[in-house]
Amino acid sequence: MVVVAILAAGRGTRMKSDLPKVLHSLGGRSLVERVIDSVEPLSPSRRLVIVGYQAEQVKTGLQSPNLEFVEQTVQLGTGHAIQQLLPHLEGYRGDLLVLNGDVPLLRTQTLEQLLQTHQTNQNAATILTSHLPNPKGYGRVFCNGNNIVQQIVEDKDCSPAQRQNHRINAGIYCFRWENLAQVLPHLEANNAQKEYYLTDAVTQVGQVMAVDVEDYQEILGINDRLQLATAYEILQRRVKEQWMMAGVTLIDPNSITIDDTVELQPDVIIEPQTHLRGSTVIQSGSRIGPGSLIENSQLGANVTVHYSVVTDSTIQDGTKIGPYAHLRGHAQVGANCRIGNFVELKNTELGDRTNVAHLSYLGDATAGTQVNIGAGTITANYDGVKKHRTKIGDRTKTGSNSVLVAPVTLGDDVYVAAGSTVTEDVPNDSLVIARTRQVIKLGWRRKSGES
């Protein structure tokens, strides 16, 4: 049995932000959300988040019924933060996994290894360590041949010989709670910062073993915007390597960004300057980009999207989007459609083999199959108070520069003459002409000049 405690009380002054550090976004999710997600496969019995600075904002940002919040009203160090758990874990006999809310790159497999080592060896505590190329500023961990911790020395207290040891304390711990609970009340703040350090408890609980994480990038903490950018680069490299090894082609990977919540199938091609975000799913054979943004959208097989923005929308197989199209607000586009340049779809549903080739706006509309929307057609969906829907039947065609004033329904096989402003429903198999008759006045320029 394991309880997880996540330290999320700090302000993060080096971020120079009013937003609590743990709520800053990394690849579409906050730092602390990434930490929480990493422990979910461990099936912890409880998930305790220790909050302090802007506590209510952090709670609001982490709305989940599975989380419990513990307040550290005054931030007096990591040891003091864990002391706040004493009344919440009274009588608990299992293990406590302690994580930092600003260390977002930890893999679940690393935490599983830490827990397994802890439980197999019946340790009082097990700590995560790593070997850094440049360990300056980190406490050094000294172990015997069996990885039993002998000593933890802060960087400022290291001798020249001790500084040659590059094994550092990552600040990730697993404790036998009974042992830790006995030590916590006796921690002292005998340091320049007058804080209570959890590392002081590590040396007092009993046998402590270290587990080394091979990829030191996993334990990198976020303290400023530069480190946040570095973490994003690491995350992107992981994600893009994963998809390329799974059969996805990335042309110029350095110019592409992909959230780790995106799902791609083999033989998808992503071109330069393309960004895939949120819960996007793209099926096999689709080609996205260059210069496109796809967010929270589902794209079928063999879809192409060029220089376009697609958010919160669904596109079926074989449809071509762009260049310079904008789909948003739960647009749903059928199979083998064409959405061309400078077309915007908002909360609109199009049937199969429907074309909106250029310079059109369809908002709050439904169109059937094999519809052709002429250049410059718009749905006037807003009357100044609320929005109304436009319904367009199968095989209907609108001429260039048509305005469909909602609420309005066009039946099947309707033809809308170019330049028409349609304000009333049109029955099936009809031609609608809604424009002023053309008038020609011969000799107009000469006569106007004489006057």
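Just so it is clear, glycine is given a Cβ too, placed from its N, Cα and C backbone atoms.
It should be emphasised that the depicted structure is a prediction, and the values quoted were computed from it without experimental measurement.
For H358, the entry in Swiss-Prot reads active site, proton acceptor. H358 (active site, proton acceptor) carries a strand DSSP state (E or B).
Here Swiss-Prot flags 7-10, K21, Q72, 77-78, G139, E154, N169, N223, R328, K346, Y361, N372 as UDP-N-acetyl-alpha-D-glucosamine binding site. Residue density at N169 (UDP-N-acetyl-alpha-D-glucosamine binding site): 23 other Cβ atoms are found within 10 A of its Cβ, drawing on all protein chains shown.
All protein chains included, N223 (Mg(2+) binding site) registers 15 other Cβ atoms within 10 Å of its own Cβ. The feature Mg(2+) binding site is assigned by Swiss-Prot to D102, N223, with sequence analysis given as support.
Counting Cβ atoms from all protein chains shown, S400 (acetyl-CoA binding site) has 17 others lying within 10 Å of its own Cβ. Under the DSSP three-state reduction, S400 (acetyl-CoA binding site) is assigned to coil, being neither helix nor strand. Here Swiss-Prot flags A375, N381, Y382, S400, A418, R435 as acetyl-CoA binding site.
Under the heading region 'Pyrophosphorylase', Swiss-Prot lists 1-225.
Per-class residue totals from DSSP over the region 'Linker' (226-246), listed helix then strand then coil: 20 helix, 0 strand, 1 coil. The region 'Linker' annotation in Swiss-Prot covers 226-246 and rests on sequence analysis.
The region 'N-acetyltransferase' feature in Swiss-Prot is assigned to 247-451; the stated evidence is sequence analysis.
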Report, as numbers and ranges, which residues of the same chain sit near the region 'Linker' (226-246): CB under 8 Å and 6 or more residues beyond its ends. 15, 24, 26-27, 104-105, 217, 220, 253, 256-260, 262, 264, 266
Go through K21, H358, R435, the listed recorded positions, and name the one with the sparsest Cβ surroundings, counting other Cβ atoms within 10 Å. R435
Pairwise Cα distance for K21 (UDP-N-acetyl-alpha-D-glucosamine binding site)/N223 (Mg(2+) binding site) [Å, integer]: 8
Looking at the recorded positions D102, H358, N381, Y382, A418, R435, which ones sit with their CA no more than 10 Å from the CA of L7 (UDP-N-acetyl-alpha-D-glucosamine binding site)? D102
What three-state class does DSSP give R328 (UDP-N-acetyl-alpha-D-glucosamine binding site)? strand
Taking only the binding-site residues A9, G139, N381, which one has a CA atom nearest to the CA atom of N223 (Mg(2+) binding site)? A9
I'd like to confirm something. Which of the binding-site residues, A9, G77, N169, has a Cα closest to the Cα of A375 (acetyl-CoA binding site)? A9
Rounded to a whole number of Å, the separation of the Cα atoms of H358 (active site, proton acceptor) and A418 (acetyl-CoA binding site) comes to 15
